[in-house]
Ligand code: F2R
Ligand code: MG
Ligand code: MG
């Protein structure tokens with residue numbers, strides 16, 4: 001699957017990816033924890049003119065993006081540095097709404113504990129299976145050279161805070177979806193069954209294969225509420241990444257619709273909307289994002305500039 005040739009396309013797609021994550025997060029933040037979100041509530045949020053503020057999902061995505069931008073292939077992740085950089089990002093703006101487990105990991109890292117111990121010490125030594133590693137993983141798709149490479153980068157980026165295997169596994173299909181969408185041609189309809197098959201083959205884990213199979217079963221008809229009832233919509237990786245993938249696959253060429261679907265499903269809305277927007281906007285590029293939302297977004301220029309720095313690293317083909 002060749003990457004479109006023009007570097008302006010790589011730039012537009014990278015900008016779409018990072019700005020899409022941020023918009024999904026910021027649009028969903030107002031509803032995080034709501035059991036149901038009706039169309040009227042969502043419309044009010046869309047019509048508002050107030051600044052759109054993002055949360056921990058974006059803050060950590062940008063920290064990972066900066067980490068990747070400062071390093072070169074073939075080893076773009078240094079876990080010792082990444083753990084400290086993520087923790088410092090939390091320390092800089094702790095009010096962005098972080099998960100309790102991740103906050104505790106960051107406190108330990110900033111006290112000087114090495115990341116394997118800091119990450120492994122959470123949840124009575126089981127480690128976190130929260131969705132915090134999956135929600136921030138999208139930028140690894142910009143530097144990865146193949147699906148296998150991307151999921152390995154995802155696992156390494158995840159384990160500095162999420163020691164539980166499911167916390168790491170959640171980041172793998174999410175990163176792979178963003179990579180495949182980034183390298184897809186938006187002029188050619190996405191073959192959704194084939195897309196899910198590639199995800200399942202790359203992640204190669206029985207429990208996640210069955211989650212992806214459930215997503216396949218819901219591709220054509222499920223309402224957001226029934227999808228949430230079947231797949232889950234909470235702050236764990238296993239009960240949020242499948243819903244986000246479904247939202248993307250329901251609307252692979254329309255980031256705003258993917259975001260609306262994820263938010264209407266309720267629960268961890270900032271995170272599922274951010275994760276749904278990442279592959280969708282990586283596929284369409286920035287032009288797929290509503291300008292009315294972008295105009296309200298905090299730090300949009302800085303985020304766009306970071307995306308352009310990473311766009312230079314997107315491989316031309318694989
Ligand atoms: N934390 C929030 N939102 C609530 C507060 C927002 C409020 N508006 C505010 O401003 O304060 N959102 C963010 O957290 C989620 C990402 O979570 P992360 O980083 O993975 O954290 P954590 O705590 O490790 O895991 C999240 C939950 O998963 C469950 N869990 C994880 N591992 C577990 C284990 N081994 N055993 C049992 N439960 C486990 C827990 O319920 C954790 O709280 C995103 O939503 C982000 O937006
Ligand atoms: Mg959040
Ligand atoms: Mg959340």
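For all residues, glycine too, the Cβ spot is worked out from N, Cα and C.
A simple way to gauge crowding: the CB of residue 268 (Mg(2+) binding site) has 29 other CB atoms within 10 angstroms, across all the protein chains here. For 55, 56, 57, 268, 270, 271, the entry in TrEMBL reads Mg(2+) binding site.
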**Message:** Excluding near sequence neighbours, so keeping only residues 6 or more apart in the same chain, what lies with its CB under 8 A of residue 57 (Mg(2+) binding site)?
**Reply:** 21, 25, 135, 136, 270, 271, 274
**Message:** Please give me the CB contact count at 10 A for residue 271 (Mg(2+) binding site), counting all chains in the structure.
**Reply:** 33
**Neighbours of 55, 56, 57, 268, 270, 271 excl. site residues, C-beta within 8 Å of centre, Mg(2+)** = 25, 28, 29, 32, 58, 97, 135, 274
